[in-house]
Amino acid sequence: MTDASRRQCLREILKSFITDPEGFTPEHAAAGLHSIMRGEASDSQMGGFLTALRLRGVDKRPEMIAALAGEMASNALTPAWATDAKARAELGMVVDI
């Protein structure tokens, strides 16, 4: 995803999603989630985006889920472990939901 598409505000992404759902790409989905995760979106924009994703059936499209998961992973924090380097490598990825 380019920096320009990341900077596209959630309002514009949501507007294009509602007016042209067939033109909504995984890159748009990731850019929308990026805006949310960076705190750039209002509560109403977040609600509208997430509701539109569900109503349009995006949750059933693997390429969209992959783009959204990739965006979440790119914003994930890596916890600091109080272990030696060998043990840390053995632990792998940690997810706390």
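Cβ atoms here come from the backbone N, Cα and C positions, even for glycine.
Features as listed in TrEMBL:
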type: DOMAIN; residues: 13-75; note: domain 'Glycosyl transferase family 3 N-terminal'
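Mean model confidence for the domain 'Glycosyl transferase family 3 N-terminal' (13-75) is a pLDDT of 90.
Counting residue by residue with DSSP, the domain 'Glycosyl transferase family 3 N-terminal' (13-75) contains 51 helix, 0 strand, 12 coil.
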